[in-house]
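**Student:** TrEMBL lists these features:
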type: TRANSMEM; residues: 6-30; note: transmembrane segment
type: TRANSMEM; residues: 65-82; note: transmembrane segment
type: TRANSMEM; residues: 102-123; note: transmembrane segment
type: TRANSMEM; residues: 129-151; note: transmembrane segment
type: TRANSMEM; residues: 160-178; note: transmembrane segment
type: TRANSMEM; residues: 198-218; note: transmembrane segment
type: TRANSMEM; residues: 234-251; note: transmembrane segment
type: TRANSMEM; residues: 278-299; note: transmembrane segment
């Protein structure tokens, strides 16, 4: 009983700990001109003080590349064939046979790459991280739209009401997050440029949201054909096959790497070394991202879709609170209301109070 309880706790700890820590590390990378003293980093590394940093807000593609490379590297070990040489010593002798053909990965990898790039890239276009999380929580909208148009799915009145709540929350949040240029004493040209950048960011998030729903349907079809046990293989190939696409951003990645090398060093007294702080933040980001993703996969396999949806929604809400409190991100009462509408709409859509049908009674012999 105790072992089962601990096993059930693991995915929850991975999701809440990994994903919330990931948000904090992302803030440290993309925020500018702030002095942060975070409990997370003090627990992970032995430092007395985090220096004031002037962060580069154009790190999005480097973050995405690092996340893809790290996940591909770790998942490689789960896709190798190992040969025992001597007791406790194994050597890799090649990749395990694929269950899904490479041709089936082509569209899936391309969409996954674009969704990841667009979601992170949007942060460079006047999109605050709290609003970014609220907007991405509205994937319910794109799922319903695509399901009704292309798959002729029908929805109940309760689901329609929940969809309207999510739509209303996102609409108000979007309007409320438009840059207030006048308060920043901007010139007319700067106001126009700021607003145009915001529109680009919103467009990126919207396109990514709909593409993500399409990707989910493709993955669902793929798992139906080849079985859900292929998820470890899918994680590896969807990340490793996407890495060549990052050559498009070669010059930008090179500039970001040089900038990170010259970031303020972080001292490790016990080891007697110092490491550029931006690389520490990036490492924490990719590790926590991997923990979070694995937690979601484990939870999906152990619980119902409803439980998984509710846990992820609560996690996003906690991440928003972290972002607002620890990093002083602007978050008005209006945005809190929008967040509540989005989460409540998602909760109602999942219909947690729906009565399960009793199992059919066996016919009398």
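Note: Cβ is positioned from N, Cα and C throughout, glycine not excepted.
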**Student:** Can you tell me which parts of the same chain pack against the transmembrane segment (102-123), counting only residues 6+ beyond its ends and a CB-CB cutoff under 8 A?
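**Tutor:** Same-chain contacts beyond the ends: 30, 57, 60-61, 63-64, 67-68, 129, 132, 136, 201-202, 204-205, 207-208, 211-212, 214-215, 218-219, 222, 234, 237-238, 241-242, 245.
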**Student:** With Cβ-Cβ distances below 8 Å as the criterion, list the same-chain residues six or more beyond the ends of the transmembrane segment (65-82) that contact it, or say none.
**Tutor:** 90-96, 116, 232-233, 235-236, 239-240, 242-243, 246, 249, 253, 282, 285-287, 289-290, 293
